[in-house]
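Colleague: To start, I am sharing the structure in question, which I have written as structure tokens.
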């Protein structure tokens, strides 16, 4: 009975989640494409584009992994001849999780420095440094995991068919991954708390001389957008992280096979895909440069009558755009002046 229900769930849910993976990848690619239309470069924008690319990669890896590790052996009844490819997919999947949280910490630090040192933060975080950080965040997690997978005699990559994954199911390994995630989440939270404190301090100092809320309000919107992205990460990946540790060796769900575990695993996957689907919407509606590309360069070509920037009915959209001015941004077009500064709103 349980096997029949599991087969049904896999047959229906896995193709659906794979479709969500494709949609999420497409939306994040659309966000990344906007980078080519924007001449200006800033640390926060570069990290945001890299995070969108990371979500694209994660969506692709999850989709391929679902098909290869679940749909193929369970629904299509095609057994694995070797486990090297699934093991590599797992390195990319877990590495993608770490890459994403590294990006969030880097974004939090960048936003904090932008608020704390608005006039010289680019000297502290030049674009070249950001690109080196991005290379480190992309390459280190999957490479480190693959080296770990190749370090066990008779298991993993040292086995001809990559049989034996006791090292991967080891409690201490999974606890170490979870600890890294927890430390990075706490670090990100601290940065945003400090940002709010700094914004409140600046607002209190300037309130008497400048009644207009202007910069402090934009600073708060910067924090709100960043917290939205951070929140989607928590909702999307925290259940997966908890499931990751609970299925380790000697833990309650270790090698448990039941319908409830299958349903729980599907819910965890849906949360992850919800995160990768939501983030592009946040980027497109709250980050001026991406908003400009999506609504004025992309959608108006697809639906000219509705989204054309020359259409008078689009006044409300343009008004929202003006309300989203970055800190210290002039009225010049955002993607035409490479010297203007951008802050996520």
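Cβ coordinates are placed from backbone N, Cα and C, and glycine is handled just like the others.
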Colleague: Looking at the ranges 198-217, 258-277, which is given as transmembrane segment in TrEMBL?
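Modeller: Spelled out, TrEMBL records transmembrane segment over residues 258-277, not the other listed ranges.
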Colleague: Same chain, outside the transmembrane segment (130-151) by at least 6, Cβ under 8 Å from its Cβ: which residues?
Modeller: 43, 46-47, 50, 54, 87-88, 90-92, 94-99, 102-103, 106, 110, 157-158, 167-168, 173
Colleague: Could you pull out which residues elsewhere in the chain have a CB under 8 Å from any CB of the transmembrane segment (12-33), counting only those six or more residues past its ends?
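Modeller: Residues 48-49, 52-53, 55-56, 59-60, 62-63, 66-67, 70-71, 75, 266, 269-270, 273, 276-277, 279-281, 283-284, 290, 293-294, 298 contact the transmembrane segment (12-33) from elsewhere in the chain.
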Colleague: With a Cβ cut-off under 8 Å, give me the same-chain residues at least six positions beyond the ends of the transmembrane segment (91-109) that come close to it.
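Modeller: 44, 47-48, 50-51, 54-55, 57-58, 61-62, 65, 130, 133, 137-138, 141-146, 149, 177, 180-181, 184-185, 187-188, 191-192, 195, 226, 229-230, 233, 237, 240-241, 344.
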Colleague: Over the domain 'G-protein coupled receptors family 1 profile' (24-283), work out the mean pLDDT and round it to an integer.
Modeller: 88
